[in-house]
Each structure stands twice: as structure tokens, then as C-alpha cells.
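Student: Before I ask anything, let me first share the structure, which is written out below as C-alpha cells.
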Amino acid sequence: MNQTLLSSFGTSIERVEHALDALREGRGVMVLDDEHRENEGDMIFAAENMTVEQMALTIRHGSGIVCLCINEERRKQLDLPMMVENNTSAFGTGFTVTIEAAHGVTTGVSAADRLTTVRAAIADGAKPSDLHRPGHVFPLRAQAGGVLTRGGHTEATLDLVTLAGFKPAGVLCELTNDDGTMARAPECVTFARLHNMPVVTIEDLVEYRQAHERKAS
């Protein structure tokens, strides 16, 4: 990753700390992966405190595929089958079947409806019957171990929200340009500055977790 592009956001460790502070303050974070992987930036939010306005921003500027990152425990709690038995996607992204809140939504497409679905899915006592399938929210099952196991946006989202003190549930969506092409690092940085989001890379998060786990041991 071009460190010159990122230097204004601090050092690698500082970028993670700024991201955690932003989540605690109810703001979003721009997460970049490796230029040789997907080479994209995802807007991420803690599912617990995401607002309708943030969901609308995500839909307006994102790919339209709004994803709810969850762990295996939550997937089992909601009885969500994986989308396919044999995952042949390039990076093994852990899509489950799509979901919609069983109550409180109309078509399920609006920002308010998608946020209602997210809240239904992450509620402490959520049951499978609280959700209809299919729907307009795409759950993603993160790998245990987070970014130290898989360097994906799904794992980065759960690592960041849990390190920030939230339950393991976050919303992500890939940033796109106005012409429909994928936003790359320079466009992601410009967007993040415009919308008061810190920028962090998955590589930063790996370094941060490794450093903290070394201290703990």
C-alpha cells in the first residue's frame, strides 16, 4: 500500500487507534485491503450504533451490496445456511443466505428497512423466525481468528468493532465511483476525508493485533 497516501492518517498503529475512536464516536471507517488482493475500500460501521443516515450514505456511494458481518455463533443462532455448499469465489467470501426483518419493514430496500433488518439480526435474543429469507441484507460469516486467519474486509470489520468495545457485528459496503467503477485507494482516501472517516488498512490491523498479542504474552 502507498504509505505516502496514508501518512496523513498517522502511523500504522495510530491508524488503527483512530479507527477505533471513530467507531466509538459513531462514525464510519474506510478499510483498504492489499493492492494485490481485491484492491478496494469498504465503508464499515459498528452495527450497534449505525444510523439511517449512514446506511443511506452507504447505499448511495457503495456497490449496493450491504453486508452484515457476523461470527459463526451468530450464524448458528439465526440458523442461516451458507449461500453455497462449495464456495468457489476467488477469496472464499463467507456469504450466507440473504435476510430481511420479519417485522417493521415494507419492501426491505430502503435505508431504514435495511437498518431494521440489521438490528433484528444482531439483537441479543434474536431468533431465526425474526428474519425472512431471502432479503436485501447480505450476511457474511467471518473466519475465527479474524485478520490473523484471513485478511479480508469481513474479518477486519469484526476485529475493529470488537476492539472498539462493540458486539461482533458490523456493516460493510464497497465504495464505488460515480461511474460505477470500483474506487481504489486514492478515491477512497478522498471520500474518507470528505465524510470524516479515518482510513486504515488490513495490514495495519494485522500489525496492531500481532503487537498487542505479543504484549499480552
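Glycine is treated like the rest: Cβ placed from N, Cα and C.
Pulled these from Swiss-Prot:
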type: BINDING; residues: ARG37, GLU38, ASP42, ARG150, GLY151, GLY152, HIS153, THR154, GLU174; note: D-ribulose 5-phosphate binding site
type: BINDING; residues: GLU38, HIS153; note: Mg(2+) 2 binding site
type: BINDING; residues: GLU38; note: Mg(2+) 1 binding site
type: SITE; residues: HIS136; note: site 'Essential for catalytic activity'
type: SITE; residues: GLU174; note: site 'Essential for catalytic activity'
Student: Counting other Cβ atoms within 10 Å of each residue's Cβ, which of the recorded positions HIS136, HIS153 comes out lowest?
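Tutor: Sparsest of the recorded positions HIS136, HIS153 by Cβ contacts within 10 Å: HIS136.
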Student: Please work out the number of neighbouring Cβ atoms within 10 Å of the Cβ of GLU174 (D-ribulose 5-phosphate binding site), leaving out its own Cβ.
Tutor: 21
Student: Within 10 Å of the Cβ of ASP42 (D-ribulose 5-phosphate binding site), how many other Cβ atoms can be counted across all chains shown?
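Tutor: Within a 10 Å radius of the Cβ of ASP42 (D-ribulose 5-phosphate binding site) lie 30 other Cβ atoms.
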Student: Quick check for the class: what is the C-alpha distance, in angstrom and rounded, between HIS136 (site 'Essential for catalytic activity') and GLU174 (D-ribulose 5-phosphate binding site)?
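Tutor: Checking the Cα atoms of HIS136 (site 'Essential for catalytic activity') and GLU174 (D-ribulose 5-phosphate binding site) gives a distance of 16 Å.
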Student: Quick check: in three-state DSSP terms, what is HIS153 (D-ribulose 5-phosphate binding site)?
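Tutor: Assignment for HIS153 (D-ribulose 5-phosphate binding site) reads helix.
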